Ligand code: HEM
Ligand SMILES: [Cu+2]
């Protein structure tokens with residue numbers, strides 16, 4: 001491989017990106033060195049096993065990826081704004097919709113939610129940490145390495161271009177030579193391992209580490225959705241692991257899993273991909289439902305209506321999510337009986353989902369609603385998500401799907417679902433738990449600007465796309481002609497996209513502004529909350545979470561305590577607390593994983609082998625590591641708690 | 001980590017006596033669930049691609065019952081000796097436990113050895129990863145299982161060193177117990193491979 005094939009050259013857009021990456025990289029190194037923050041970064045964050053800090057790092061990277069995926073989206077919308085645009089050529093357009101889709105789902109939505117889970121779930125169940133703190137740090141680094149590997153593709157070697165679904169034979173060596181597709185395969189593979197580990201970790205945490213007295217049916221709804229989501233992860237991600245591995249073998253070692261000429265079956269890929277891919281949709285949707293449930297109940301000052309029905313519907317959804325995957329390729333010739341079966345199972349999902357919608361509405365009914373920004377996002381979620389859901393049922397009718405399959409009708413549908421559920425929930429959850437993480441609220445007035453502008457932009461962008469779809473505009477095209485008559489709607493859509501971009505800037509400004517000017521929290525109970533995370537102090541609560549683990553007697557445990565006048569922080573005698581030590585090993589392992597990934601992307605097998613040996617060496621090292629953690633002394637707890645109380 | 005409820009587990013086997021041990025064991029069961037999903041996907045692939053040899057070498061040509069029976073015998077016996085090792089561990093006999101485990105590892109090594117021979121032999125007869133879709137699926141399914149067994153051998157070896165150094169503690173016993181679950185799991189998968197791949201392949205399915 002020649003040097004100029006290695007580093008992508010000749011495209012002004014990419015050159016601009018390269019330069020800006022270089023400058024911001026140098027800038028970051030400079031700032032860290034100048035303020036002598038390296039040690040702090042290493043000790044407090046990179047090697048931290050504190051679930052709250054890991055959660056915050058997940059969220060930070062997710063926001064960064066939202067930016068990257070958003071720039072991709074704006075570039076695509078610019079190209080489609082008018083007929084016969086020449087901003088992006090077709091290859092570049094293909095690369096961009098591929099990276100946009102992959103990044104948004106794998107490296108934005110999922111880590112954002114996993115970040116929130118990490119921050120919140122142990123606090124909500126009154127646990128000191130997650131069950132496997134070391135593994136938690138390792139999950140984070142595998143995610144970062146997978147993300148990093150995927151992201152460098154566009155400056156080194158070239159981006160994948162076969163769509164986020166990577167259908168074969170489009171993604172094969174013949175039609176897609178070069179390292180681009182390998183980046184997709186290995187980036188997803190590596191980060192997928194971390195996701196699986198998180199799933200296991202969360203399940204054990206929730207099963208085994210709940211505060212005394214907290215029965216399963218007393219758990220907050222976000223914890224419930226995290227539990228069910230983790231189960232879906234544990235069952236769905238291995239399917240992706242194998243699918244990716246098989247395609248990697250096809251590309252690197254000449255196997256024929258998906259290669260028709262030697263007996264392989266391209267449709268096998270489509271099936272495996274969507275057996276994972278559809279549950280993946282619920283992996284990013286269920287936690288969102290959990291977040292909305294928390295927020296709606298808190299700001300309606302009522303307990304969640306139909307709690308049990310909510311739990312059973314998420315369980316039903318999780319089962320059904322594995323039974324619908326064929327609806328992604330009705331038109332690929334599965335036959336009438338198969339299509340009908342999957343058509344019906346798909347529609348069946350709307351039943352438990354409908355139950356949840358009514359429960360949210362009934363929670364608000366006769367509640368004392370306060371229209372804070374998290375609540376606004378939650379209320380806006382309902383109608384927008386219903387639009388996405390109803391069009392989803394339209395798509396679920398196999399016969400009708402032959403009409404609008406792979407048109408903008410679909411593009412609009414899935415953005416309505418993904419943005420109204422997942423992205424709105426990420427924003428809502430971020431704002432809601434922001435004071436818990438950083439000790440001050442985000443400014444509500446700027447937050448409302450952000451809210452209204454984003455929601456307006458979102459609808460302006462995606463609503464017209466339903467009509468474009470019905471007018472026959474296919475997805476994944478980069479040019480259309482004047483005679484197609486799609487100009488006006490496309491132009492409106494692009495305007496909407498830029499309005500969303502503007503809203504994102506307002507969010508970033510809000511973070512800056514609130515950091516500077518928002519009053520600091522003193523109580524820890526920022527919103528008059530109902531669940532245990534509000535019972536401890538704010539601004540990244542002490543690493544041991546609770547000086548004394550609270551005891552729980554009912555749902556909405558903290559609310560009950562407040563009603564009964566119990567102060568969970570009033571403790572006569574502190575006891576020392578056992579906590580795990582920080583660790584550098586996962587970071588080192590991550591570096592070796594990067595070697596494996598990078599080596600395989602370029603088929604430099606020696607590098608892959610070196611990395612592989614490194615990984616196994618780290619595992620052996622870990623096996624012999626009998627570090628037992630350490631005890632937080634009573635004095636230190638007293639000191640920390642006193643400081644938190646004094647802030648009052 | 002010392003936990004208040006640990007006292008309730010005082011009469012359980014050592015590996016359940018610490019909260020950490022209990023968490024690790026539950027976590028590992030969940031992980032085995034994921035491993036089941038993983039192998040199910042490989043089996044699904046295999047059955048979709050079974051007999052898609054595009055006219056090349058087929059399973060019926062190469063599969064030999066005696067070889068497979070030896071391998072099966074080795075692996076099943078190793079599961080049994082592994083069980084005996086855990087039994088010895090429960091009665092606190094370090095030396096006995098280590099001996100049974102070493103026997104387990106030797107049987108496992110024998111299994112891997114025969115598998116390597118088998119692959120080498122097939123390659124000689126013109127069946128490799130890239131011969132046809134069927135052989136791709138065969139080698140990746142069997143290879144994944146074989147790799148698991150090999151990793152298990154390395155893992156248990158490391159654990160034996162730790163047991164030798166530290167004796168039985170809640171920490172070491174839970175590690176060994178988990179490794180034994182893994183080992184039995186691989187046996188279960190092998191039974192599926194034995195019937196699904198070899199018996200059905202020899203039967204011409
Ligand atoms: C925020 C504003 C967003 C805009 C303006 C936007 C715009 C677009 C556009 C123009 C396409 C390409 C359509 C085509 O040519 O076929 C696309 C595809 C896609 N988007 Fe978005 N998007 C946004 C957010 C998101 C989010 C938040 C997600 C997921 C969580 C997402 C997931 C996807 C996926 C999966 C695809 C399909 C990619 C493919 O065809 O391989 N998008 N989006
Ligand atoms: Cu689906």
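Cβ atoms are placed via backbone N, Cα and C, with glycine included.
Mean pLDDT for the domain 'Heme-copper oxidase subunit III family profile' (B:26-202) in this predicted model: 94. TrEMBL lists B:26-202 with the feature domain 'Heme-copper oxidase subunit III family profile'.
The feature transmembrane segment is assigned by TrEMBL to B:26-49 (among others).
Under the heading transmembrane segment, TrEMBL lists B:61-86 (among others).
Per TrEMBL, the feature transmembrane segment maps to B:98-117 (among others).
Per TrEMBL, transmembrane segment is recorded for B:137-161 (among others).
Nonlocal intrachain contacts for the transmembrane segment (B:181-201), taken as residues 6+ away from its ends with a CB within less than 8 angstroms of a stretch CB, comprise 25, 28-29, 32, 35, 39, 43, 46-47, 50, 59-60, 63, 65, 68, 72, 75-76, 78-79, 82-83, 104, 108, 138, 141-142, 145, 148-149, 152, 155-156. Residues or ranges marked as transmembrane segment by TrEMBL: B:181-201 (among others).
Listed as Cβ neighbours of the transmembrane segment (B:26-49) (distance under 8 Å, sequence separation of 6 or more from its ends, same chain) are residues 133-134, 136-138, 140-141, 144-145, 178, 181-182, 185, 189, 192, 196-197. Using a Cβ-Cβ cut-off under 8 Å and counting only residues 6 or more beyond its ends in the same chain, the transmembrane segment (B:61-86) has close neighbours at 96-98, 100-101, 103-105, 107-108, 110-111, 114-115, 118, 121-122, 125, 127, 149, 176-177, 180, 183-184, 186-187, 190, 194, 198, 201-202. For the transmembrane segment (B:137-161), same-chain residues at least 6 beyond its ends with a Cβ under 8 Å from one of its own Cβ atoms are 38-39, 42-43, 45-46, 48-50, 59, 75, 98, 101-102, 104-105, 108-109, 111-112, 115-116, 119, 127-129, 172, 175-176, 179, 182-183, 186, 189-190, 193, 197.
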